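Heads up: the structure comes next, in structure tokens.
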Amino acid sequence: MAKIISYDEEARQGMLEGLDKLANTVKVTLGPKGRNVVLDKTYGAPTITNDGVSIAKEIDLEDPYERIGAELVKEVAKKTDDVAGDGTTTATVLAQSLVHEGLKNVVAGSNPIALRRGIEKATEVIVKELVAAAKDVETKDQIAATATISAADPEVGEKIAEALDKVGQDGVVTVEDNNRFGLDLDFTEGMRFDKGYIAPYFVTNADDQTAVLEDPYILLTSGKVSSQQDIVHVAELVMKTGKPLLIIAEDVDGEALPTLILNNIRGTFKSCAVKAPGFGDRRKAMLQDMAILTGAQVVSDELGLKLESVDTSVLGHAKKVIVSKDETTIVQGAGSKEDIDARVAQIRAEIENTDSDYDREKLQERLAKLAGGVAVIKVGAATEVEAKERKHRIEDAVRNAKAAIEEGLLPGGGVALVQAAAKAEKTEAVTSLTGEEATGAAIVFRAIEAPIKQIAENAGVSGDVVINTVRSLPDGEGFNAATDTYEDLLAAGVTDPVKVTRSALQNAASIAGLFLTTEAVVANKPEPKSAAPAAGADMGY
């Protein structure tokens, strides 16, 4: 494909127009009185949302230079969303403000590299001030407050606080459609996976068609269990103990399956066979998770273990196992806490290192099953469009609440940024800057006011008046846009997680630095649209 190249001011101006188009669309959603944006879809109903990253992803501009500028800001929103789960609109507003302030100086002749260094140094000092000002989350009410701010719905805040209180920080809170109007909250006890019994003959409870095994042994194998010889040895070992047996394998078929079923029906030996979840490497990883949770060893050729020669030391144990047609739940596995903690740490490290959203989601599910639990918030609404919008808000609020638990809380409404910047300006790390690095730092201190101004303007109040008033207030006090009052924001429950505020500033500063130091842009040349073919003479009917 042919390329077009532009340089210097022309390059930056085209990118700036794209940045502004995206940022101006996103920033109308900021704050408690922010508006929604309607996103048209090729198929199905449109989506109505106030989620910055969802809006940014939908914007695809025609002009190649504008598209590049918009893509840079999309990266700010996406990176902030990946790290913190919220703060995407704040990050976008900060990036726009930093770029505009910076370009004024570049046009006036400042060295972009020196400006970038100043921006980075000022950002680093402000982040330290934000972290130092953090307040730990100590109560369920604080979690509810921060989730309420994110979702703009007190009922959602309460449900999320209840869910996280039950499943813990590492637990998974999923959001699903509800057939009924309103919000419902369900919890899963223990490790649950989406595979049920291989045959209905294993059912022990006819009323709800489940197989319930009390205090069972658990056999985990990565291969198929097919021959009678495969199963008889293990069955005889377990029968001597008088306990039931759960078999989780790639498959149970051949002579092995009818052998288990017949013994089950006759009451000789109680058991249940289940297919292992997942495929390939993910199946192996999930089997290993189960092994650690239950204190078992996975029987596999790779480890040199054969079913016909194993003893009870390779079998796992649990207080109870409940198996339905579609899923299996292992309650209170007998694995050691040290082994489980080590596995949890390993999965956390994998989450940090993966670039794939899909892999990250699957790893987080595995983490929850090992370390916490699973809560499901079911959302029902009058229309499909309203339900989709509400689900978006709840998903954001869940991640916001988890970020608050992880790194603590700050006063919300953009106030924490302004007050941290005021302290940072007086530190030696900033006052010792000279020349154009000092100019770069000054760019950050001016741009940092953008979120609070935008929140005020979306609430119908002058941003400049709010900024001047907030500067004169004690730490922690600021403008509550929901009530149009100045008050102690932490006490009023107007809070932001440190992780969200910090990530928004760091990602905005990073992209702004790249933007200012851009001197040439190489873009794909737009292909001319082909004219529609003319109708033939015989097409007139």
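Positions of Cβ are set from backbone N, Cα and C atoms, glycine also.
Record note: Swiss-Prot gives Thr29, Leu30, Gly31, Pro32, Asp86, Gly87, Thr88, Thr89, Thr90, Gly413, Asn480, Ala481, Ala482 as ATP-binding, and the candidate from Asp20, Asp40, Asp496 in that site is Asp496. In sequence order, Pro32, Lys33, Val494 make up the list of same-chain residues 6 or more apart from Ala482 (ATP binding site) whose Cβ falls under 8 Å from its Cβ. In the structure as shown, the Cβ atom of Asn480 (ATP binding site) sits within 10 Å of 22 other Cβ atoms. In the three-state DSSP assignment, the secondary structure recorded for Asp86 (ATP binding site) is coil. Of the listed binding-site residues, namely Thr29, Thr88, Thr90, the sparsest Cβ surroundings within 10 Å are found at Thr29. In this structure, the binding-site residues Gly31, Asp86 were compared by how many other Cβ atoms lie within 10 Å of their Cβ, and the smallest count belongs to Gly31.
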